[in-house]
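Questions regarding the structure given below will be posed in turn.
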Amino acid sequence: MTPTARQHLRANLLMLGAAAIWGSAFVAQRLSLDVIGPFLFTGLRFLLGALVLVPLLALNAASRTHLAALRRAPALLLPGLALGALLATSISLQQIGLQYTRIANAGFISSLYVVLVPLMGVFARHRIGAGTWFGALLAALGLYFLSIDEHFSILYGDWFQLAGAVIIAAHVMAVGHLARRHDPLVLAFLQFATCGVLCVAVGLAVEPLNGAMLRGALPTLLYGGLLSVGVGYTLQVVAQRDAAPAHAAVIFSMEGVFAAIAGWAALGETLTLRALVGCALMLAGLLACQLLPRGDVEKKDEDTVPA
């Protein structure tokens, strides 16, 4: 196996691991809504995820060098702040939309980034291969079967979900661009902290909070913060150094499959034949993306930061 092939395999496995973590975290998010508001839960778990990275930043020599550069040139903070703002915006749009639509609609529409990322890649002059297009379309079709039933109809909140999907796609594109130019741990820390502060600010303005709520939400906050944010989103930034955004989007879409499995295993939710067909189509999309010619590359700049 060539060094490039090993890099791609490592990136694929890391992204699949991130998708599995995010999918399983839906259980924690669902349970958290019984005790704490969605904005406060999101903000607190992202702040916790930022704290998880502090020891790693202190121990990693490359990260310490990058942090020293940030102190000399604060403008270098902008990439991390921009990623955090994109995350906070997408989450806010989804939370607003959920008030005016069904969960099934939201799950499908918010995951349409799997098709939007390749479309954005075309405008960014990435070469998107047939394998990636075919895989993305299969994944989108699988998401439809997994999330939507015969009662589907367009609701007011769906437009917020669609806007959120566009922002998520922009975030995947931005991570793919920036992760090659900045230290991944520093980039992850900055986006976590920014997203956390913004969501907590919104939460404190519109949601109640007291000690009993925090104690009740602590188990799900720990899971969501330590694992979903601290590990999952960090894996995304590290892996996308060696993966084209369109290819990454197909792998990340497997989050829906892992969420369905986690809901079945932990919450006793039913996996219908239609849902199983959707899972199979998404798996086929993942395999198509891996086995068929991809061709989806973004030119790497000379200033790529070493891992």
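Positions of Cβ are set from backbone N, Cα and C atoms, glycine also.
Sharing the record's features from TrEMBL:
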- 11-147: domain 'EamA' (DOMAIN)
- 12-31: transmembrane segment (TRANSMEM)
- 43-63: transmembrane segment (TRANSMEM)
- 75-97: transmembrane segment (TRANSMEM)
- 103-123: transmembrane segment (TRANSMEM)
- 130-147: transmembrane segment (TRANSMEM)
- 156-287: domain 'EamA' (DOMAIN)
- 159-178: transmembrane segment (TRANSMEM)
- 185-206: transmembrane segment (TRANSMEM)
- 212-235: transmembrane segment (TRANSMEM)
- 247-267: transmembrane segment (TRANSMEM)
- 273-292: transmembrane segment (TRANSMEM)
Is it possible to list how many residues within the domain 'EamA' (156-287) are helical, extended or coil according to DSSP?
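When I sort the residues of the domain 'EamA' (156-287) into the three classes, I find 114 helix, 0 strand, 18 coil.
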Counting only CB pairs under 8 A, let me know which of 43-63, 75-97, 212-235, 273-292 has the most with the transmembrane segment (247-267).
273-292
Kindly state the mean pLDDT of the domain 'EamA' (156-287) in the predicted structure.
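That region's mean pLDDT is 91.
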Is it the case that the transmembrane segment (273-292) and the transmembrane segment (130-147) touch, counting contact as three or more CB pairs under 8 Å in which the residues of each pair are 6 or more positions apart?
yes
At a C-beta cut-off of under 8 Å, are there same-chain residues at least 6 beyond the transmembrane segment (130-147) that contact it? List them, or none.
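Same-chain contacts beyond the ends: 104-105, 107-108, 111-112, 114-115, 117-118, 244, 246-247, 249-250, 253-254, 256-257, 260, 274-275, 277-296.
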In the same chain, who gets a Cβ under 8 Å from the transmembrane segment (12-31) while lying at least 6 residues past its ends?
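For the transmembrane segment (12-31), the sequence-distant neighbours (Cβ-Cβ under 8 Å, at least 6 residues beyond its ends) are 38, 41, 219-220, 223-224, 227-228, 231-233, 235-236, 238-240, 243, 248, 251-263, 266-267, 290.
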Take the C-beta pairs under 8 A between the transmembrane segment (103-123) and each of 43-63, 75-97, 159-178, 185-206. Which stretch has the highest count?
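Per the Cβ under 8 Å count, 159-178.
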Using DSSP, what's the helix, strand and coil tally for the domain 'EamA' (11-147)?
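Helix/strand/coil tally for the domain 'EamA' (11-147): 118 helix, 1 strand, 18 coil.
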Taking contact to mean three or more C-beta pairs under 8 angstroms, with sequence separation of 6 or more, is the transmembrane segment (212-235) in contact with the transmembrane segment (75-97)?
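The transmembrane segment (75-97) and the transmembrane segment (212-235): touching, no.
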